[in-house]
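Following: one structure in structure tokens, then a few remarks.
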């Protein structure tokens, strides 16, 4: 891959990631707060769709449009950050369908997944290697060498995390990082009170996350790994664009904190407020805790994009 300044591939724009310093939200009313975000050119979008299927289709169309507009080549691939879990499953199904219809190619797309369990064999049905193969990679034209997922069985987990960060940098950074959140607002395995500047590292899972993820392990919390390798909040926010999927009433408090609350380590999703190209795609159920004015504001300004 040809390199430009700072190891960025030639022709790729420099990062437009997060600016977490100088939040300056103070005690101002909601719309004054939002005006300050706009004036700082940090405009977080909130797309509200009627249900999960509509949310998934909107997200898939955004990925398709982003790849096609970029016009990736072997020398200048589109770099995509990907999540696992239940939130992106509908989006992946829509992307597979679009690929079969000839609407998008992944031949010149490079991917980096968010996380992987520590100690779980890659062949295990609940490993994120298996999840991605089952839901996306086995059904599209992506080159195996362009797929990157953390190795949860690496003999030196810290070295594996450092290697992963280095690979993302060598690829020129992430063009679009997609994620989901948990009911407590965590991104990837960045649990509440994770540093908003954190990088890829080893994390111990909270009891809440272990219980939530036990549904993938037959409801047995004892089968859920206790540790994971995960990209950091800062790693995600370094992407040129970030899109977060939020569905279901059980995530309504997290969405409210992300949109109406302050930027805080207590809700790691709130870091998206300070990203210059951040998008949240939510369904109606996830909006249950938003103020009426907030809901109407975003429905109005995004009405041409629904």
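Glycine residues also receive a Cβ, built from the backbone N, Cα and C atoms like all the rest.
Taken from TrEMBL as is:
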ACT_SITE  115  active site, proton acceptor
ACT_SITE  184  active site, for ring-opening step
ACT_SITE  186  active site, proton acceptor
ACT_SITE  191  active site, for ring-opening step
DOMAIN    53-273  domain 'Glucosamine/galactosamine-6-phosphate isomerase'
SITE      194  site 'Part of the allosteric site'
SITE      201  site 'Part of the allosteric site'
SITE      203  site 'Part of the allosteric site'
SITE      204  site 'Part of the allosteric site'
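Sequence features annotated in TrEMBL and their locations in the structure.
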residue: 115; record: active site, proton acceptor; DSSP (3 states): strand
residue: 184; record: active site, for ring-opening step; DSSP (3 states): coil
residue: 191; record: active site, for ring-opening step; DSSP (3 states): coil
residue: 201; record: site 'Part of the allosteric site'; DSSP (3 states): strand
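A 10 Å radius around the C-alpha of residue 204 (site 'Part of the allosteric site') takes in these recorded positions out of 115, 184, 186, 191, 194, in sequence order: 191.
The Cβ of residue 186 (active site, proton acceptor) has 26 neighbouring Cβ atoms from other residues within 10 Å, across all protein chains displayed. Neighbour density for residue 203 (site 'Part of the allosteric site'): within 10 A of its CB lie 22 other CB atoms from the protein chains shown.
The domain 'Glucosamine/galactosamine-6-phosphate isomerase' (53-273) scores a mean pLDDT of 97 in the predicted structure. Here the recorded sites are 194, 204, and the one with the most other Cβ atoms within 10 Å of its Cβ is 194. Annotation: 191 are the recorded positions among 115, 191, 201 whose CA atoms are within 10 angstroms of the CA of residue 184 (active site, for ring-opening step). Of all the recorded positions in the record (115, 194, 201, 203), the one with the smallest CA separation from residue 186 (active site, proton acceptor) is 194. Once Cβ contacts within 10 Å are tallied over all protein chains shown, the active-site residues 115, 184, 191 are led by 115.
If you take the Cα of residue 201 (site 'Part of the allosteric site') and the Cα of residue 115 (active site, proton acceptor), they are about 10 angstrom apart, rounded to a whole number. A Cα-Cα distance of 9 Å separates residue 203 (site 'Part of the allosteric site') from residue 191 (active site, for ring-opening step). In the structure as shown, the Cβ atom of residue 201 (site 'Part of the allosteric site') sits within 10 Å of 21 other Cβ atoms.
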